[in-house]
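Here's what TrEMBL has on this protein:
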type	residues	note
ACT_SITE	Asp372	active site, 4-aspartylphosphate intermediate
BINDING	Asp372, Lys373, Thr374, Glu483, Phe525, Lys549, Arg578, Thr658, Gly659, Asp660, Lys746, Asn764, Asp765	ATP binding site
DOMAIN	38-97	domain 'P-type ATPase N-terminal'
REGION	1-23	region 'Disordered'
REGION	452-475	region 'Disordered'
TRANSMEM	94-113	transmembrane segment
TRANSMEM	287-307	transmembrane segment
TRANSMEM	822-842	transmembrane segment
TRANSMEM	848-870	transmembrane segment
TRANSMEM	900-920	transmembrane segment
TRANSMEM	926-947	transmembrane segment
TRANSMEM	954-975	transmembrane segment
TRANSMEM	987-1006	transmembrane segment
Amino acid sequence: AEEGKVHHMPSEGGGGGGDDSDLNSSLKARTVWLGHPEKCEEKYPKNAIKNQKYNILTFVPGVLYQQFKFFLNLYFLVVACSQFVPSLKIGYLYTYWAPLGFVLAVTMVREAVDEVRRYRRDKEMNSQLYSKLTVRGDVSRSDLVLNQRVPADMIFLRTSEKTGACFIRTDQLDGETDWKLKMAVACTQRLPALGDLFSISAYVYAQKPQLDIHSFEGNFTREDCDPPIHESLSIENTLWASTVVASGTVIGVVIYTGKETRSVLNTSQSKNKVGLLDLELNRLTKALFLALVVLSIVMVALQGFIGPWFRNLFRFIVLFSYIIPISLRVNLDMGKSAYGWMIMKDENIPGTVVRTSTIPEELGRLVYLLTDKTGTLTQNEMVFKRLHLGTVSYGMDTMDEIQSHIIHASSTPSRKAPPSAPKVRKSVSSRIHEAVKAIALCHNVTPVYESRANGASTEPESTEADQDFSDDNRTYQASSPDEVALVRWTESVGLTLVNRDLTSLQLKTPAGQILTFYILQIFPFTSESKRMGIIVREEATGEITFYMKGADVAMASIVQYNDWLEEECGNMAREGLRTLVVAKKSLSEEQYQDFENRYNQAKLSLHDRTLKVAAVVESLEREMELLCLTGVEDQLQADVRPTLELLRNAGIKIWMLTGDKLETATCIAKSSHLVSRSQDIHVFRPVSSRGEAHLELNAFRRKHDCALVISGDSLEVGQHKLKTNQNFCLVLTQPFINICVCLKSKSCILCKCSVHLCSGDGGNDVSMIQAADCGIGIEGKEGKQASLAADFSITQFKHIGRLLMVHGRNSYKRSAALGQFVMHRGMIISTMQAVFSSIFYFASVPLYQGFLMVGYATIYTMFPVFSLVLDQDVKPEMALLYPELYKDLTKGRSLSFKTFLIWVLISVYQGGILMYGALVLFDQEFVHVVAISFTALILTELLMVALTVRTWHWLMVVAEFFSLGCYLASLAFLNEYFDLSFITTRTFLWKVCAITLVSCLPLYIIKYLKRKFSPPSYSKLSS
């Protein structure tokens, strides 16, 4: 793209990142001249997206910083560097540098792979080509093509559609899959040819970039005509970046690029997620480091601080450095990759992808689940379920009756009743016909026909014979799936919407006759009014009718008095249906003309425009005739109920987040068993001050076993106003299920108190997923954006159950066992070193030299220890059958200071026995001590792995024997450390066996007694 100047169209997606000037200072309102980029003095950001963490120069320093930020690795770097100082040198250099180099190499490779993937994704997005309109007259390819993404935020100037409007899809912006209607600026749409855009002198004034994607204020001014034309620009004249043009071609002028576009402003930076387990292990390694320093000081003190004691202290620190295991990080990282691989290979949850390999253990200790509603719990597919006319109600099984009534009513031509006729009660047949007609007319749905070459909806100019109204290639587009469901239903009972443009609607009756209605006015649905209206004139009779549909709360006061509406709405809501009330009012020509004059006047007023317009419309909304009540069901995803039940039994507190109506949210919560049928629901009233928030909280606390419904605004007040956040967290931690009707981005403020998981499926869930400790994306109807941003992506909500109960549990338990075992492996050898040094006059001489040390941590014990990642304490079926087992995990008892101290005691005991035993039993040669103690040490380690394992896997057995084989084979080559003639004698064998028995047998006995007298909960089940 040109230097970020604003122009009709970025010629190519810009490369590279823009200049990172301070964003807040650069967000200004701007004036953009059509076709004259040189008039723009300001510099604006380049139009490129960048998701990479590093570039070529910062990669190595960046990764090294991320690694040495951890206390462990920094400590090892210092120890390894100290080996270059001759007076501190102990043993061979490679014993310290080889493990460190290996750790760093593994990490770098992993980071590099991730980085290349990100770079490729960005490059693909940034190198998409767009055509740009220039003065040179070559205008053939000057417009955004059908089905192309919009490259930057633009004002919509022209379209190829005759109506001056086009549809766009916004699934990547707000997660909604429906099409939105956008209007071109009338002044530029009227210009005869494309080139005229350059011959007029016009500019667009746009407000400074903001977060809100649903609002925009600006003006379009054309100066070169008399008088100058001013048009106000609103949200319907904009095309935001990363939306897709769905019909026709469009031309626009770019107003925001790069970092200032709405889609970029709304995405938060992804952070490096670090699991709780890693932080706990980090704390333990700090404790070990303290122990190491204390031990070294004790050693020097026992020497009596003789001579260069400071140098000796450092030598001891290096000597005992094995207390802190460098292989801990490598083992855990490899373990995490193994868990990720197991999750992806699990046949019970096909299609699951692990995108963040660093936090699988988090799945094992979640306390909160925040889930999106639409598309995650529900399928976002609406089905029409019930029509209620006051005296009679039709369900799914009686739709054929409605169909026969419609056929009957449409075959008898509608005559105008003479005004003198007395009012009689209408027949059921005519009432049904009226109701179905109202549903078929009162909406914002457009039928789209795919078969046309240009993919646009059929043009009204073509003759009726031409128009391909066949049913097989018609699809409906609307801004809400509810409306599409209603229109689909009217089609199924015989009244089909076949065509719609800005001024008319056409319906087809069962007999094939086409009825045309002219649209006089449309009052769109807003969240404040909760209703939509339309005034149509029937072509055949000239009758003007005002139709209206909306939520029962809004409509109850508008329709004529009746005795059934409220009760029936309640009944439908209890079944989990979304209800809409439909009403109509016939208008005479005079009434309509009077209304139109007042309405147009109100629309031109400059002050309080919305209030005045609303007042005029309300003058019509009186004493309307109630036609019917409709019920539409949003179907739940497969197995949502059992999954939520499972999670609740596992002690996970569930919050449902939705942007939906409060009533609907409550319906879905009940139908998905998020809230049990009998449970009370407490609606948190809107609060604005601290006092109100306190009162509301106390009112909620007094209720017992009750679900909470809270809006995003109240939530924020509760968070900021109650300075002692404790009160608010208390409410959150009470075991209630909470339906939170609020904006997604705010939801993350909720659970800073403990581990939480967020799941969602749309572009609007991304910030929530990224802010969570653990984000799960579901590949749904709303595009793939959420699943790409998430740490784990699944194909169906029901897979969450197995992901947490089975894989989460195993990952956490295994990592805890693995981490502690690796520490034990280091501590036991350090204990032996300490015993050895203290017997030999506190000399800082290493017990095991060179290859023995490297081999001990790698080839001799690596495989059995790592095979702990295959261990499982409970069978998957058990874990799913008894979700209560999961509650134990959230307490974090598998890895705590208590368990850690037990391992420390075991290490000290075993190290002491091994070393002391070898010294007591050895004969003439000192070499024999090394041979006996080292062999006993290896055997002890292998036996300890066997002791730790809870469920054997054939690979574990292979690993044990393989390691033993390796050790025995290597004895032949290690003649510089071992006396081969001694190793082959019987004395050597019995001494080794005796020491190993003394070090391991007591532990086996203790374990057996513990299992017998206080077994853990899972073993009670499996027995």
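Placed from the backbone N, Cα and C atoms, the Cβ positions cover glycine too.
Sequence-remote contacts of a segment are chain residues at least 6 beyond its ends whose Cβ falls under 8 Å from one of its Cβ atoms, and for the transmembrane segment (954-975) they are 851-852, 855, 859-864, 866-867, 870-871, 935, 938-939, 942, 945-946, 983. Comparing 287-307, 822-842, 848-870, 900-920 for CB pairs under 8 angstroms to the transmembrane segment (94-113), the maximum falls on 848-870. Stretch with the most C-beta contacts under 8 angstroms to the transmembrane segment (900-920), considering only 287-307, 822-842, 848-870, 987-1006: 822-842. Ranked by how many other Cβ atoms sit within 10 Å of their Cβ, the recorded positions Asp372, Asp765 place Asp372 at the bottom. All protein chains considered, the CB of Thr374 (ATP binding site) has 26 other CB atoms within 10 Å. Here the Cβ of Phe525 (ATP binding site) has 19 other Cβ atoms within 10 Å, regardless of which shown protein chain they belong to. Inclusion criterion for the binding-site residues Phe525, Arg578, Asp765: a C-alpha placed within 10 angstroms of the C-alpha of Asp372 (active site, 4-aspartylphosphate intermediate); this criterion is met by Asp765. Cβ neighbour count for Arg578 (ATP binding site): 23 (other Cβ atoms within 10 Å of its Cβ, all protein chains included). On the 0 to 100 pLDDT scale, the domain 'P-type ATPase N-terminal' (38-97) averages 82 in this prediction.
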